[in-house]
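Novice: Sharing a structure, written as structure tokens. Questions coming.
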Amino acid sequence: MSRFKRGGKAPDPLSGFRAPKEQESAVPFGLIKAARKSGQLNLSARGLTEVPVSVWRINVDTPPEAHQNVDFGGSDRWWEQTDLTKLILASNKLQALSEDISLLPALVVLDIHDNQIASLPCAIRELTNLQKLNISHNKIKQLPNELQHLQNLKSFLLQHNQLEELPDSIGHLSILEELDVSNNCLRSVSSSVGQLTGLVKFNLSSNKLTALPTEIGKMKNLRQLDCTSNLLENVPASVAGMESLEQLYLRQNKLTYLPELPFLTKLKELHVGNNQIQTLGPEHLQNLSSLSVLELRYNKLKVLPKEISLLKGLERLDLSNNDIGSLPDTLGSLPNLKSLQLDGNPLRGIRRDILNKGTQELLKYLKGRVQTPDMTTQEAANPPDTAMTLPSDSVINAHAIMTLKTLEYCEKQASLIPEAVFNAAASSPITTVNFSKNQLTEVPARIVEMKDSVYDVNLGFNKISSISLNLCMLLKLTHLDMRNNALASLPPEMEALTRLQSIILSFNRFKHFPDVLYTIPNLETILISSNQIGSIDPIQLKKMTKLSTLDLQNNDLLQIPPALGNCESLRALHLEGNPFRNPRATILAKGTVAILEYLRSRIPT
């Protein structure tokens with residue numbers, strides 16, 4: 001007869017070694033049993049607040065089935081268990097790890113990411129076989145020096161913690177290949193990282209770094225360095241010696257100039273957007289023979305050098321939201337360029353419709369714009385048969401009219417456009433008219449004859465004092481250049497130009513911002529610098545939802561209304577050279593984003 005009462009339970013021989021019952025129930029016996037065979041245990045997302053003792057002692061204690069199965073001929077050979085090499089405890093509610101972790105010396109992979117752990121146990125030094133350690137998304141503020149004993153560690157993920165420093169002992173992880181310390185509170189990086197000569201991937205993004213150690217240049221095997229979203233004002237020259245580097249991310253810092261990278265012949269991607277870089281010179285480009293991606297958005301570049309053509313392998317170039325006014329023709333010679341981003345630049349001289357057609361059409365346009373060698377004296381004296389000669393000895397290029405659909409009569413100092421010019425274009429659907437740099441006092445009346453086809457008109461550098469109704473009938477017009485004239489107002493009839501995307505009115509006589517511009521729905525660019533404008537209407541400007549570039553430099557603006565900060569579509573706002581006191585020059589120097597943020601902060605609440 002049994003000595004236990006009917007329905008009673010035998011005493012548990014492992015009592016005192018088990019975790020609380022609710023934690024043990026979260027780890028089914030079958031999982032532990034399977035882990036002894038496979039050497040792998042995944043306990044992620046089980047709501048654990050602590051790790052059951054049975055997990056730490058999985059390879060120490062005799063399993064319960066040993067007391068039930070003594071058949072050495074059975075298939076379930078509990079004594080042939082495998083050491084635990086992989087333990088995943090991710091996405092639980094753990095606040096600490098037990099020192100009993102030392103009972104798992106065979107661990108190769110330990111993943112405890114997405115918990116609430118504030119520190120690591122000193123016993124982690126016993127995990128000398130560990131190759132991958134993921135402690136990301138926790139609350140760790142400091143790393144123990146015991147980590148230096150993990151001499152086989154290859155991948156160390158620490159992102160999204162609260163680290164304020166990396167210990168010098170980090171340099172002892174001699175075969176480390178991947179180190180991610182992004183999204184912490186690091187203000188500096190120990191010079192000992194220079195000892196990590198086997199590192200391939202180093203992520204320092206989203207910290208508070210103001211400088212990088214010179215020793216970082218010793219990482220000769222590093223392929224990817226990410227320093228995005230820090231406070232870096234410069235990059236150590238030693239970076240130029242990281243000869244294996246393929247990807248360099250320096251976005252969202254405080255860089256005012258690009259580092260010279262003469263030896264980075266393997267560099268494929270350079271990301272330096274959202275900085276304060278003002279110049280890009282040939283010294284920055286001449287040795288980057290493998291570069292395929294160059295990202296320079298949201299900087300203060302005014303000039304793109306012709307040496308950009310040195311980057312023969314370039315596939316993507318992002319120059320959006322800079323201060324670039326023109327593009328070098330050599331840009332058209334890049335054979336592999338597939339994506340060119342230019343939004344938010346005050347570009348002049350290139351029709352908006354060409355920009356809208358995409359990268360390939362723009363490159364084709366630039367390539368076709370390359371200057372041919374000057375004609376010899378004999379060629380000039382005997383123009384080719386493809387030209388039509390007017391009585392004034394001026395030449396109209398018939399090829400341009402027939403093939404490029406362009407009618408040019410510029411730089412002639414003419415007060416009138418000869419009738420023969422219009423007659424030559426009578427049978428062609430002209431899309432572009434250029435009568436700039438003459439002495440015209442009014443818009444030529446016969447321009448209306450092209451109303452069904454023309455979308456780009458350049459009448460800049462003349463003496464025109466008013467816009468005629470004939471010009472207002474060019475309903476397909478997308479680009480209008482009236483710079484350097486004598487205009488003081490625009491007619492309300494211009495509201496009919498609903499397709500107009502870009503207008504240049506700089507160097508005229510405007511004392512008021514033309515009201516009619518507020519009514520043109522597709523305007524993206526307004527360049528109206530160097531006039532005498534005294535005020536603007538931010539409410540009306542906010543309604544211009546496509547307006548991305550507004551140049552109001554060198555006017556008479558005594559104040560900038562805070563509500564202008566609500567014009568969220570603006571990507572390039574230029575206000576320099578006006579007599580207002582605020583925003584101050586230091587704010588203006590930071591660029592459009594900073595200006596708009598400042599203005600919004602001044603809106604009364």
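Note that Cβ sites are derived from N, Cα and C of the backbone, with glycine treated the same way.
Small disclaimer: the values here were computed from a predicted structure and weren't measured.
Just lifted these from Swiss-Prot, have a look:
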| type | residues | note |
| --- | --- | --- |
| REGION | 1-21 | region 'Disordered' |
| REPEAT | 83-104 | repeat 'LRR 1' |
| REPEAT | 106-127 | repeat 'LRR 2' |
| REPEAT | 152-173 | repeat 'LRR 4' |
| REPEAT | 175-196 | repeat 'LRR 5' |
| REPEAT | 198-219 | repeat 'LRR 6' |
| REPEAT | 221-242 | repeat 'LRR 7' |
| REPEAT | 244-265 | repeat 'LRR 8' |
| REPEAT | 266-287 | repeat 'LRR 9' |
| REPEAT | 290-311 | repeat 'LRR 10' |
| REPEAT | 313-335 | repeat 'LRR 11' |
| REPEAT | 336-357 | repeat 'LRR 12' |
| REPEAT | 429-450 | repeat 'LRR 13' |
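What does the local environment look like for each feature on the list?
Specialist: Helix, strand and coil residue tallies for the repeat 'LRR 1' (83-104), in that order: 5 helix, 3 strand, 14 coil [DSSP].
Here the repeat 'LRR 2' (106-127) is broken down by DSSP into helix, strand and coil counts: 5 helix, 3 strand, 14 coil.
Long-range Cβ contacts of the repeat 'LRR 4' (152-173) within its own chain (Cβ-Cβ under 8 Å, at least 6 residues beyond either end) map to 113, 128-143, 145, 179-190, 192-196, 203.
For the repeat 'LRR 5' (175-196), the list of distant contacts is 136, 151-169, 202-219, 226: same-chain residues at least six beyond its ends, Cβ to Cβ under 8 Å.
Applying DSSP to the repeat 'LRR 6' (198-219) sorts its residues as follows: 5 helix, 3 strand, 14 coil.
Taken through DSSP, the repeat 'LRR 7' (221-242) splits into 5 helix, 3 strand, 14 coil.
For the repeat 'LRR 8' (244-265), the list of distant contacts is 205, 220-235, 237, 271-280, 283-284, 286-290, 295: same-chain residues at least six beyond its ends, Cβ to Cβ under 8 Å.
Residue counts for the repeat 'LRR 9' (266-287) under DSSP (helix as H, G, I; strand as E, B; rest coil) come to 4 helix, 3 strand, 15 coil.
Counting residues 6+ beyond its ends, the repeat 'LRR 10' (290-311) has Cβ neighbours under 8 Å at 246, 251, 265-282, 317-325, 327-331, 333-334, 336, 341, 591, 593 in the same chain.
In terms of DSSP helix, strand and coil, the repeat 'LRR 11' (313-335) has 5 helix, 3 strand, 15 coil.
If you look at the repeat 'LRR 12' (336-357), the same-chain residues 6 or more away from its ends with a CB under 8 A from one of its CBs are 292, 297, 312-327, 363, 365, 432, 455-456, 478-479, 481, 501-502, 504, 524-525, 527, 548-549, 551, 571-572, 574, 592.
Proximity of distant same-chain residues to the repeat 'LRR 13' (429-450), defined by a Cβ-Cβ separation under 8 Å and at least 6 residues beyond the stretch ends, is recorded for 351, 401, 404-417, 419, 422, 456-468, 470-471, 473-474, 481.
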Novice: List the helix, strand and coil residue totals of the repeat 'LRR 12' (336-357) as derived from DSSP.
Specialist: 5 helix, 3 strand, 14 coil
Novice: Using DSSP, what is the helix/strand/coil residue split across the repeat 'LRR 4' (152-173)?
Specialist: 5 helix, 3 strand, 14 coil
Novice: The repeat 'LRR 6' (198-219): which same-chain residues, six or more beyond its ends, come within Cβ distance under 8 Å?
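Specialist: Same-chain contacts beyond the flanks: 159, 174-192, 225-242, 249.
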Novice: Using a Cβ-Cβ cut-off of under 8 Å, list the residues of the same chain that are 6+ residues beyond the ends of the repeat 'LRR 7' (221-242) and lie near it.
Specialist: 182, 197-215, 248-257, 259-264, 271
Novice: Can you tell me which parts of the same chain pack against the repeat 'LRR 9' (266-287), counting only residues 6+ beyond its ends and a CB-CB cutoff under 8 A?
Specialist: 228, 243-258, 260, 293-305, 307-308, 310-311, 318, 589-591
Novice: Based on DSSP, tally up the residues of the repeat 'LRR 8' (244-265) by helix, strand and coil.
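Specialist: Grouping H, G, I as helix and E, B as strand yields 0 helix, 3 strand, 19 coil.
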